[in-house]
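Taken from Swiss-Prot as is:
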- 1-85: region 'Disordered' (REGION)
- 37-48: compositional bias 'Basic and acidic residues' (COMPBIAS)
- 54-68: compositional bias 'Polar residues' (COMPBIAS)
- 73-85: compositional bias 'Basic and acidic residues' (COMPBIAS)
- 130-151: repeat 'LRR 2' (REPEAT)
- 152-173: repeat 'LRR 3' (REPEAT)
- 196-217: repeat 'LRR 5' (REPEAT)
- 256-294: domain 'LRRCT' (DOMAIN)
- 332-405: region 'Disordered' (REGION)
- 367-395: compositional bias 'Basic and acidic residues' (COMPBIAS)
- 537-643: region 'Disordered' (REGION)
- 547-560: compositional bias 'Basic and acidic residues' (COMPBIAS)
- 624-643: compositional bias 'Basic and acidic residues' (COMPBIAS)
């Protein structure tokens with residue numbers, strides 16, 4: 001009757017069927033249950049209605065929605081797996097080996113680092129048969145398992161896990177160190193199957209009674225035991241520890257039993273015979289001896305034992321020092337013997353053997369043995385030194401090659417032996433010649449005396465013999481100076497000087513009074529003339545030629561008329577007379593100052609009395625003598641300052 005109304009009914013049924021399929025939105029079902037207005041809107045909207053031709057598209061949409069739902073469920077499951085922890089898979093282990101630069105082939109690796117990875121169980125290690133060290137620290141492992149293939153394992157680290165029991169360690173016959181600290185273990189068990197177990201660390205667990213550690217009696221090879229920070233409180237645990245024959249290191253810190261045992265350290269040291277390290281410090285032999293003395297006789301015996309050991313230690317130090325002293329003494333003796341052999345002498349130290357015999361007679365047998373050991377040690381030390389460092393003959397040095405002079409003063413350096421210049425050598429030679437002549441007391445006369453003088457004048461020349469350029473004290477009288485310094489030299493030189501020397505002395509006095517830089521430089525300058533250089537290099541022959549060239553009459557006059565120095569300076573005689581002797585020490589006077597020509601060469605001055613310059617020099621000396629007479633004793637004489 002009403003076909004138009006029937007069509008929407010069919011459409012509405014189709015919509016309900018679509019709404020019942022999974023993956024379709026719930027809003028579509030809600031719209032199906034809505035009023036007629038809502039249904040009319042759905043019929044008028046071609047996008048949301050499912051008409052006959054569009055049934056295939058509706059089914060495809062349902063299928064796509066189902067696939068997306070299944071993918072989301074799988075992803076959720078994978079996330080749950082990741083939350084539960086990582087698995088020790090073969091792929092993961094291979095990747096880890098590559099990351100740590102280990103071998104890709106599992107059997108070639110001897111160490112595997114699996115700590116801090118969050119594993120909850122041990123698995124997939126069958127291929128790693130060559131492991132010697134396995135790190136499983138800081139994981140969530142709840143059980144020791146799946147270690148049957150690790151027969152070569154030496155070290156197993158399982159600290160900071162969730163273990164409650166020690167088990168499944170039978171395949172590890174070569175295990176040496178086991179660390180299961182920071183777990184929840186309440187009893188030590190299943191360790192007797194490890195025949196070579198040396199180190200067991202069980203700190204921070206839940207051990208409480210003697211029965212919990214009773215299994216340690218069966219661990220005969222256990223050497224290091226760490227039971228710190230447990231709940232052990234019974235002193236009877238010492239019986240268990242005493243039964244462990246190889247126990248060397250024990251740590252019981254953090255247990256109540258420490259407070260329950262009086263004299264805890266002494267008692268454990270005495271009862272555990274092989275203990276070398278207790279808790280946080282070693283057990284020294286001295287501590288063990290004192291503890292055993294305390295066990296025998298109390299605190300007094302311990303004090304006595306401690307004093308005896310201190311005395312022995314002190315004696316040991318003293319013996320060491322004596323051995324070193326013996327080494328040094330024997331080294332000095334060998335050096336002294338070597339020096340004696342070089343000099344051709346073979347003396348023996350007086351009384352050395354007697355002293356040694358007396359000492360050996362007074363010593364006790366024990367001290368004698370100690371002394372013999374020291375001597376043996378010294379002997380072996382020197383033999384080793386001779387083997388390693390053979391002694392070589394010392395080459396004579398430059399100072400030893402130089403001739404030793406009788407008159408050479410001590411402390412003179414080699415640089416001071418040579419004179420500064422040829423003039424200095426000339427000036428230094430005169431006093432030595434005078435000294436030799438005055439010591440002999442006779443004047444050289446003839447060839448024999450000349451040869452004797454040559455032999456006596458072989459002395460070294462020093463810069464120290466030059467006069468010191470210092471000011472002379474003005475308050476000192478000239479007479480005292482003459483008597484103290486120059487009078488003996490004037491009498492000795494008077495026999496060697498001729499009549500022309502007083503004029504020469506006047507010139508030198510004038511030159512020394514007018515001391516200037518030019519004069520001093522001319523004195524110490526080396527002339528360029530080769531003939532003068534040859535003469536200065538051989539001063540001995542020139543000086544010794546002075547005596548035979550003089551006339552006997554001039555020698556007699558010079559020796560008969562010596563005048564005192566004060567009388568000469570005070571005289572106002574005429575310049576025409578013979579000039580007086582100056583206060584110059586003739587032995588130390590240098591040759592007459594040289595004149596400098598236009599080319600700058602130094603030429604020797606002509607002899608006084610042989611040229612026209614004699615009158616000019618005498619006229620210049622006369623006013624100087626007058627000034628000296630007016631000044632009196634307060635005048636400062638530079639000549640004596642140079643002496």
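All positions are counted from 1 along the displayed chain.
Heads up, the Cβ atoms here are built off N, Cα and C, so glycines get one too.
Listed as Cβ neighbours of the repeat 'LRR 5' (196-217) (distance under 8 Å, sequence separation of 6 or more from its ends, same chain) are residues 159, 173-189, 223-234, 236-237, 239-241, 243-244, 251, 254. The helix, strand and coil residue counts that DSSP assigns across the repeat 'LRR 2' (130-151) are 0 helix, 3 strand, 19 coil. For the repeat 'LRR 3' (152-173), the DSSP counts in helix, strand and coil order read 0 helix, 3 strand, 19 coil. Taking the repeat 'LRR 2' (130-151) as a whole, pLDDT averages 95 in the prediction. DSSP labels the residues of the repeat 'LRR 5' (196-217) in these numbers: 7 helix, 3 strand, 12 coil.
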